[in-house]
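Take a look at the structure set out below.
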Amino acid sequence: MATAEVAPPERKQWSNPVEFFLTLVAFAVGLGNVWRFPYLCFKNGGGAFLIPYTLMLIFIGAPVFYLELTLGQFTSSGPLAVWKVNPLLRGIGYASLATNCFLALYYNVLIAYCFYYLVASFQMIVPWSTCGNWWNTALCTDQATLANLSRTDLALMKNMTSSPSEEYFYRRVLQISSGVDNVDGIVTHLVVALAVAWLICFLALSKGVQSLGKIAYFTALFPYVMLTVLIIRGATLSGAIEGVKFYMGTVNLTVLKSPSVWKEACTQVFYALSCCSGGLIAMASFNDFNNNVYRDTISICLVTWFTSIFGGFAIFTVLGHMATKMGVSVADVAKGGPGLAFVVFPEGLSMMPFAPLWCVLFFLMMCTLGFGSEFSIMETVMASIIDEFKTYLNTPKKIIIFRFTISFVFFLLGLSMVTRGGLYVLNIIDQYLGGFPWLIIGVVELYCIGWVYGVDNFCDDIALMLGEERRPEVTLDDYIYPSWALTLGWLVVILCLGWIPYIFLAEICGRGTWGIIKEARLPHVEWGPARDEHRQLSIRYANTVDPKKLSMQTLSTIDIGDSYDLDRAAIEIIAASPKLFVKRLSDVSSARF
């Protein structure tokens, strides 16, 4: 008698909406809110940076965030299965999953660093506050020595000395090698810390969202308690106000003219909201079908915006105190990235009374922030694969074994980043993963839903999910227009937009199809700067064109029969030796570039 196939277990859901909300808070608010946003504000005009950051959050971050939550909740599917909406573009899901895998690998390595610092903080004197240890060099200069130097001497010795915290991080914790090509073996204590981090990750996710939702009460709320404590303590330190001035006190509006400031604001929004990584789709897929996802979007965006600013005060009050004690400017001690968390800030904490206590609280907060994001990242990876192979992973025992196997495989892959050359590997992944891949995924994602699937269909899906009227009728008070009357509205739209295809077709018919297409591939003669003095700055826009000065790419588009604004001498040169001057970029060997 044949045994019946075991049906896959029913997809679990969040126990209540609060767990979903707190998990999203823990997911979105991560290590970058502590070491990335404050430094970006300091570097890009202080309080002025809030203008592009807020605008990017409203007009780019929030819509993409809402789109991904809606997709996940409507389909109750992870970032792989959800793209059944367009099978040709299922690669979006796999691209998101791939970014999550790399992100999970190096994120847990950073948590391993935090673990090691946390354990090392349980000493009467923290080891990164003094020189004379076996890992220190002759260049190590501690706080007592720096305090006796004048500002002139400090400026002269700036590049001739190294701080105890810097040498502790690079020479004791990382034992860093000379370069990425010199792996030089693994660092044992970091391997142990990494193993503990992955073990905690497996235990937290052993039951999926059922266990993740309960842990979120701690991982989402505890960092705010620690940040509040650090801000209150930092506000009582000497020099705290100087740090705040460098952070938000100065408003340099001239930086808003720089495109790089807006680019960094946009990138930070993607970092802060964790958009386009598939995590939002995965977390929302465990929601109730009728959950108010619009409310969640507004709430999470506001919390993320507030947390980014709030965390900066905790950082810069301590940096202001540190700069005051060292007799230097805050600009001389401020850094971004891991250097802030593992070099500058620990050194600032070591200058405070009861330094070990504050170091323990800080790195405990960092571990909590890291795990809050790491748990959601890994749940995205695991849940996506389980959704794809649910016919095989169809019992709780198989799912737990699978989750343990994934955690162990990721631990083995992460060993490449806890070698003596591991920081170089981590930095490559961090630099190339952040920003550009997520931006491309976001653009393709928006194209797929907005243009391929259709905005109207997507809006209908949202209305269906939220229990609202689909495509509400046009009304005037209590009067409902008949269907035939709505044709008048569309007639207005056609009268406005119909000129676009009308003019296009009129030009095609009047001038000949091939002629207009051939001519239209070149810019109009009036294209370019409006003023003549500006047009003379470039050969492309000057009245008289010398073909000898044109680029190969421009020359390759010129045909003698084209109606191109060249004088007679220029035409004669091109006609006499077309092969000499006209050469396409595609014909040039790539080895020359």
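Backbone N, Cα and C atoms are what each Cβ position is placed from, and that goes for glycine too.
Small disclaimer: the values here were computed from a predicted structure and weren't measured.
Among CYS114, CYS131, the one TrEMBL lists as the disulfide partner of CYS140 is CYS131. Those residues of the chain, other than ALA28, VAL29, ASN33, LEU369, SER373, with a C-beta within 8 angstroms of the mean position of the Na(+) site C-beta atoms are VAL25, ALA26, PHE27, GLY30, LEU31, GLY32, PRO223, ALA272, THR307, GLY372. The two recorded residues ASN33 (Na(+) binding site) and CYS131 (disulfide bond) have their Cα atoms spaced 31 Å from each other. Between the C-alpha atoms of VAL29 (Na(+) binding site) and CYS131 (disulfide bond), the distance comes to 35 Å. Proximity of the transmembrane segment (217-241) to the transmembrane segment (50-71) is not established, fewer than 3 Cβ-Cβ distances being under 8 Å for residue pairs spaced 6 or more apart. Contact between the transmembrane segment (186-205) and the transmembrane segment (355-378) holds: at least three of their C-beta pairs are under 8 Å, each pair 6 or more apart in sequence.
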